[in-house]
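The domain 'tr-type G' feature in Swiss-Prot is assigned to 2-181. According to Swiss-Prot, the feature GTP binding site maps to Asp14, His15, Gly16, Lys17, Ser18, Thr19, Asn128, Lys129, Cys130, Asp131.
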Amino acid sequence: MDKIRNFCIIAHIDHGKSTLADRLLEFTNTIQVTEGQMLDDMDLEKERGITIKSHAIQMEYTYKGEKYILNLIDTPGHVDFSYEVSRSIAACEGALLIVDASQGVQAQTISNLYMAIEHDLEIIPIINKCDMASAMPEEVEDEIVELLGCKRDEIIRASGKTGMGVEEILAAVIERIPHPQGDESAPLQALIFDSVFNSFRGIIAYFKITNGVIRAGDKVKFFNTGKEYVADEIGVLKMEMVPRKELRTGDVGYIISGIKTSKEVKVGDTITHVARPCDKAIAGFEEVKPMVFAGVYPIEAEEFEDLRASLEKLQLNDASLTFQPESSLALGFGFRCGFLGLLHMEIVQERLDREFDMNVITTVPNVSYHIYDKQGNMTEVHNPGGMPDPTMIDHIEEPYIKASIITTTDYIGPIMTLCLGKRGELLKQEYISGNRVELFYNMPLGEIVIDFYDRLKSISKGYASFDYHPDGFRPSKLVKLDILLNGESVDALSTLTHFDNAYDMGRRMCEKLKELIPRQQFEIAIQAAIGAKIIARETIKAVRKDVTAKCYGGDISRKRKLLEKQKKGKKRMKQIGNVEVPQKAFLAVLKLD
């Protein structure tokens with residue numbers, strides 16, 4: 001056990017953790033030199049250059065004549081996946097903190113770092129990409145020293161591209177990170193930190209043993225669900241899975257026991273023996289709560305069941321996705337899905353498209369609201385269509401977040417303007433180093449879900465980074481904004497918005513829809529309404545044929561007769577005609593600027 005080291009890598013998006021991980025794997029001869037990131041195995045992860053799922057891999061390394069086992073648990077860096085990070089961190093004793101030499105400390109670096117410090121991990125700071133021309137290792141060292149309070153000589157300079165500093169990192173992992181603690185003779189206690197779905201073997205759970213021993217064929221049970229299984233196969237994770245007869249305290253491995261549904265494997269759950277269970281679960285397990293909700297509808301109504309099957313399969317290795325059936329007048333049957341955030345939502349959409357070939361329409365994303373009626377009863381609403389009658393409502397509460405934005409001093413003005421427009425209130429600002437500031441805001445989550453992140457990046461030329469934590473619910477003056485096409489409400493376009501922004505938003509939505517809905521044979525009125533009050537209107541004129549073309553010279557009354565006839569026809573058409581709203585329109589409404 002004292003020859004095992006479990007560690008993870010903490011970094012902001014794009015600071016090069018997956019590349020550096022590749023170098024560590026090559027150096028310890030775990031893999032041959034290959035193309036691209038080994039640990040990001042989804043196509044989507046490689047394309048976007050982000051890590052979505054946590055991964056684990058075991059390396060063997062001989063140091064000063066002794067053989068050590070190093071378990072690297074890779075973590076995602078994006079704010080949407082912070083629960084994945086927290087579970088990976090809980091399975092480790094140490095962490096490599098990677099900071100980009102040209103970008104310095106970013107918001108997510110800090111939030112994941114605090115998580116690691118809460119779990120008492122040994123932190124090894126590394127400055128990556130030191131071979132770049134734009135690298136500023138001295139300034140970044142100052143920031144790290146100020147952040148961690150460590151000594152300068154504890155910071156390792158490295159480069160994932162050239163492989164510089166890799167040997168020092170491995171030496172530091174062995175010397176500075178403590179070996180796992182635990183008692184082999186105690187009852188089995190193991191933490192699940194990830195699960196993947198394999199269509200032949202069912203669900204494979206990855207775990208780390210904190211106490212006890214597990215052998216193949218043991219009867220085990222999962223603590224929080226209380227279900228029992230037989231451990232058909234256990235083993236360790238190298239580039240592929242290597243079966244073993246037994247795993248002992250401190251080991252990181254996998255278990256296959258023919259589990260078919262993801263709901264039974266909850267990440268953060270504890271595995272123990274049926275015959276000799278441990279007293280209590282490992283602390284820190286929490287159900288992941290989705291933050292952003294959107295309707296997902298199949299384009300063809302008969303694909304509803306296929307969509308359900310696809311979502312269930314996605315849920316197998318993405319436990320944070322939730323969904324329940326709902327129906328909409330405009331779009332038919334579909335699902336109301338809960339996501340961790342906007343990136344997560346985009347990824348789920350892309351995976352539906354790529355892995356299951358499903359074409360879907362997604363509605364405007366929104367958050368969950370607490371609605372109190374006059375009697376003081378609370379209902380939770382994820383969907384503007386579920387809003388009760390406005391006369392019954394006493395007040396509405398919406399979720400708030402505490403946001404931290406790190407930026408250079410040049411962009412403070414525009415960023416503050418953006419946050420004010422999103423109803424944010426500045427709590428405080430702190431200077432991290434000479435020209436970098438951290439701004440703390442309280443903001444409604446609903447204002448952020450649509451385009452906040454994109455706009456923050458474009459205002460600050462990509463220099464601002466953003467991170468947030470939920471901060472409870474607060475009362476707010478919200479109204480339901482409906483969009484009517486020819487007097488019929490399109491429920492998929494309804495949104496809940498703050499009263500102060502409603503007029504502006506209604507006007508912009510009408511203008512946007514006017515551009516996107518194709519002209520029909522009859523005229524279309526696009527209206528935005530709050531309750532019964534119309535607040536904005538645009539009209540799409542009808543396409544019409546020149547019916548008087550065949551009258552040469554001729555009498556005006558003859559022409560008038562033909563025009564009247566055409567007008568009647570158009571009127572009749574308008575009564576029975578329905579308006580096709582293209583998918584583009586649903587998406588464009590999300591990104592109003």
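Glycine is treated like the rest: Cβ placed from N, Cα and C.
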Among Ser18, Asn128, the most crowded of the binding-site residues [Cβ within 10 Å]: Asn128
Local backbone state of Asn128 (GTP binding site), from DSSP in three classes: strand
Cys130 (GTP binding site): tally of other CB atoms within 10 A of its CB: 22
In three-state DSSP terms, the structure that Gly16 (GTP binding site) belongs to: coil
Intrachain C-beta neighbours of Gly16 (GTP binding site), sequence separation six or more, cut-off 8 angstroms: Ile98, Asp100, Asn128, Lys129, Gly160
The domain 'tr-type G' (2-181) [mean pLDDT, rounded to integer]: 75
